[in-house]
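Annotation comment: Swiss-Prot describes Asp311 as active site, proton acceptor. The ATP binding site annotation in Swiss-Prot covers Leu192, Gly193, Lys194, Gly195, Gly196, Phe197, Gly198, Glu199, Val200, Lys215, and the record cites sequence analysis as its basis. Taken from Swiss-Prot, the feature domain 'RGS' covers 51-171, and the record attributes it to sequence analysis. Residues or ranges marked as domain 'Protein kinase' in Swiss-Prot (evidence: sequence analysis): 186-448. Under the heading domain 'AGC-kinase C-terminal', Swiss-Prot lists 449-514, citing sequence analysis as support. Here Swiss-Prot flags Met1 as N-acetylmethionine. What Swiss-Prot lists as phosphoserine is Ser484. As annotated by Swiss-Prot, region 'N-terminal' applies to 1-153.
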Amino acid sequence: MELENFVANNLLLKARLGFNKQTGRSKKWRELLKFPPVSMCTELRWSIEKDFSSLCDKQPIGRLLFRQFCDTKPDLKRCIEFLDAVAEYEVTIEEEQREFGLAIFSRFFKEKSEVPLPEIPPDIVKECKWNLKQNSPSQNVFEECAGIVCKYLSETPFEEYQESTYFNRFLQWKWLERRPVTKNTFRQYRVLGKGGFGEVCACQVRATGKMYACKKLEKKRIKKRKGEAMALNEKRILEKLHSRFVVSLAYTYETKDALCLVLTIMNGGDLKYHIYNLGDPGFEEPRAVFYAAELCCGLEDLQRKRIVYRDLKPENILLDDHGHIRISDLGLAMEVPEGEMVRGRVGTVGYMAPEIINHEKYTFSPDWWGLGCLIYEMIAGHSPFRKYKEKVNREELERRVKNETEEYSERFSEDAKSICSMLLIKDPSKRLGCQRDGVSAVKQHPIFKDINFSRLEANMLDPPFIPDPQAIYCRNILDIGQFSVVKGVNLDTNDEIFYAEFATGSVTIPWQNEMIESGCFKDLNENEDDLSSLEKYKMCSSILRPKRNFFRRLFRRTGCLNIALSEEREPTEH
């Protein structure tokens, strides 16, 4: 029995190591990722939405190919260099920001330049210079300048890009992205745990060697529990979210017996394991604060899409290989319509907010309560209303949540006590995060004084703990109970409509990131002869003008600079 677990663990570790060394790819990986002739992409060329933000910013491969196109033209290359510099300025530490900003201004706005930027009104340049000379210039000093550069790129350069071989190559990648996904796309490894409708196991994409977690939803179990709406809701929410602080959905497919969600694999285990199984219960405060800061970013991303999570607890917060956390298991999450409130008594006993227990309406307040519970538990080593290993029935626990005030030990600093007490206020209208300032008020709490959120969101801060790469942070295979066989349920043709809606294949942004991270994009694109051969397929027909011509981030505080930033945080349509 122990031998079975040992073998399964070794196979998984070998597969994980294979991706890091790019040896996990199938020997036939080039055949699996063979580009079609551009002539096969004609329909795709005309059906794809000609949106500059989507094609050249949000989609990672599109972003890289557009940059490669710009590198062939000095004026466009200059624009990209400016956007890169501004993106770097935005994540520069405050002490160095002014000096770095002045260096950018000197480099790109001096009067005599062989390759000047697109014309920017003198009053905007003057205001930019004045702001930079202040002691603490803001992060968005270059916002208007960057917006003008982005608008310039979205017009004639974008049209020229669509007539180039680089866009032809992009269409070939899109063709590969849209191919059907089946169980044969992956290698399957050991079971990692159990979900509500089936097992979760590790899997590996044959073509790239990329490791994922495959969450299997047994078809008969879904039908017996009438879980179709819940399963589809989780899939749709994951599909529209692209946050480094929430697990990503990369693929959906079906087998004869199951619907499968292929998700970010988190090899570092969950917070519950780390709180209670490695030394004394609880963390040192700096570690708890780091995780709390990343959770704030994750909740902000969810709320930006008007999603309330409703199940924050240590088991649902997972660590990746590098020690960063992500929110997982969005089965209870739901979208809150603009201007409305929702009601629903869902969650886990001991972590549910008072307004949920009382059947009251809410928007995002339960998640700020959940964050308070998590911060408290990470520091104290037990949840706010139940001692470690204390046996308490549901009714008593709910009574404590509604009526009692949590107690604080000497492990809590004044700042830690302050944020927990502000997040655990019974009245949601007075709770931290629930007023007009929302997440900004939480981020500005003194406990986060040493956290640079811009750098955190750009993945530029080192975690306080890095999981052991040789460890398997999950239970032994034999300790993970098996599901019983579902009897008395028959699948019919009516179920096929639901299955077709669920199993839609690759998700654009994660799939393209996989191609880049695995090195497949670089390896296949380095063949310049192959790229130049695309010229003979070049289409001479006029290209439709884009319906929108601004970067998405032009409408945000940080400006439209995502072309130079790392992981995209918004979805794009297939």
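Placement of Cβ uses the backbone N, Cα and C atoms for every residue, glycine included.
Where Swiss-Prot records a feature, it is marked here on the structure.
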residue	record	CB count, 10 Å
Leu192	ATP binding site	23
Lys194	ATP binding site	16
Gly196	ATP binding site	16
Gly198	ATP binding site	20
Val200	ATP binding site	21
Asp311	active site, proton acceptor	22
- prompt: So which other residues, same chain and not among Leu192, Gly193, Lys194, Gly195, Gly196, Phe197, Gly198, Glu199, Val200, Lys215, have a Cβ within 8 Å of the centroid of the Cβ atoms at the ATP site?
  reply: Lys216
Task: Would you mind pulling the longest C-alpha to C-alpha span across Leu192, Gly193, Lys194, Gly195, Gly196, Phe197, Gly198, Glu199, Val200, Lys215, which the record has binding ATP, in angstrom?
output: 14
Query: Nearest to Asp311 (active site, proton acceptor) in three-dimensional space, by Cα, is which of the binding-site residues Leu192, Lys194, Val200?
result: Lys194
- line: The correct three-state DSSP answer for Gly196 (ATP binding site) is coil
Task: Could you tell me which three-state DSSP class Asp311 (active site, proton acceptor) falls into?
output: coil
Task: Please work out the helix, strand and coil residue numbers for the domain 'RGS' (51-171) from the DSSP assignment.
output: 88 helix, 0 strand, 33 coil
